[in-house]
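Engineer: Sharing a structure below in structure tokens format, with a few things to ask.
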Amino acid sequence: MTKLLDIVSRLTEAIHAEAIRTGGSRSVVWLVGVPLAFATSITVTLAVAIVSERFATIGASSSDATTIQVTSVTTTNSAYWVITFAVTVGAVVATYAQASAARGAAKDVEHFAFVNSATMPMARWVYYGVVMAAISALLVVTTMMLLPTMFPQVYGGVDLASADGWRFVWTVPVYAFGACGFGVGIAAVVGNPAGSVALLLGWMYVIETAIALAPNGYQMQGYMPFLNAVYATGQELAFTAPWSKTSGLVYFLGVSAATFGVGLVRIRRRRR
């Protein structure tokens with residue numbers, strides 16, 4: 001019990017240290033990550049909604065059969081841009097934070113301040129994961145409340161209180177938390193900020209899509225972690241997983257934890 005309390009105490013100290021390291025006037029979290037997550041998610045969502053609502057209004061008032069018709073958006077397709085941008089930004093911030101701390105003076109300070117090499121990476125996963133989970137939850141709720149009110153023609157069917165709506169509210173933050181752990185693990189393995197971020201984004205948006213072009217690609221795509229996580233939120237996708245949505249989320253968290261574990265092994269070997 002005493003050992004467990006000591007671990008929790010050291011982890012709490014490490015989280016506080018990371019908050020201080022990335023705080024202040026050059027904060028990677030509060031001056032870059034959080035504003036970017038809000039700006040990209042809200043801006044793109046509103047831009048798409050404004051254009052869609054405009055076309056829907058024109059189509060509704062026209063008797064011309066050739067006029068563009070806009071299909072109403074369901075709840076399961078209302079938080080796509082939040083899922084895409086908020087989670088990605090969070091993962092990139094966590095990745096960059098871990099990779100940048102593995103170089104220069106920060107590396108030496110971390111080495112002497114925390115004997116256990118796993119303490120600071122775990123603290124970063126918890127710190128960035130919790131922050132971005134809270135941000136993504138707020139964005140999901142805000143988006144799903146605003147869309148049906150501001151754009152009733154297209155988004156009138158969006159319902160935050162529905163089963164699909166509530167699924168977004170809890171699964172998107174869990175996805176964001178897991179993505180931060182995946183990013184920290186990638187950064188721990190690579191050790192270079194630019195290379196780590198490039199590998200993360202390349203995996204998320206190139207490999208997981210392009211693998212469908214390989215022989216038996218669609219079957220392999222069913223095991224891609226990030227696609228499974230998006231599928232688990234309830235977002236509409238042209239994607240078939242070999243299990244249920246909740247199982248897909250558990251699978252993603254397992255892959256994130258495994259990637260994080262490989263990163264810890266890599267850090268431990270560097271310290272020798």
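Think of each number as a place in line: the chain as shown, counted from 1.
Cβ atoms here come from the backbone N, Cα and C positions, even for glycine.
Automated prediction, rather than curation, is the source of TrEMBL annotations.
Grabbed the feature section from TrEMBL, which reads as follows:
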type: TRANSMEM; residues: 28-51; note: transmembrane segment
type: TRANSMEM; residues: 79-97; note: transmembrane segment
type: TRANSMEM; residues: 125-148; note: transmembrane segment
type: TRANSMEM; residues: 168-190; note: transmembrane segment
type: TRANSMEM; residues: 197-218; note: transmembrane segment
type: TRANSMEM; residues: 249-267; note: transmembrane segment
Engineer: For the transmembrane segment (249-267), find every same-chain residue at least 6 residues outside the stretch whose CB is under 8 Å from a CB in it, and list them.
Structural biologist: 98, 102, 117-118, 121, 125, 171, 174-175, 178-179, 181-182, 184-189, 191, 223, 225-226, 228-229, 232-233, 243
Engineer: Report, as numbers and ranges, every residue of the chain located at least six residues beyond the transmembrane segment (79-97) whose Cβ falls under 8 Å of a Cβ in that stretch; write 'none' if there are none.
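Structural biologist: Answer is 18, 22, 28-29, 32-33, 36-37, 40-41, 44-45, 48, 124-125, 128-129, 131-132, 135-136, 139-140, 143-144, 168, 172, 175-176, 179-184, 186-187, 193, 196-197, 200-201, 204, 230, 233, 235.
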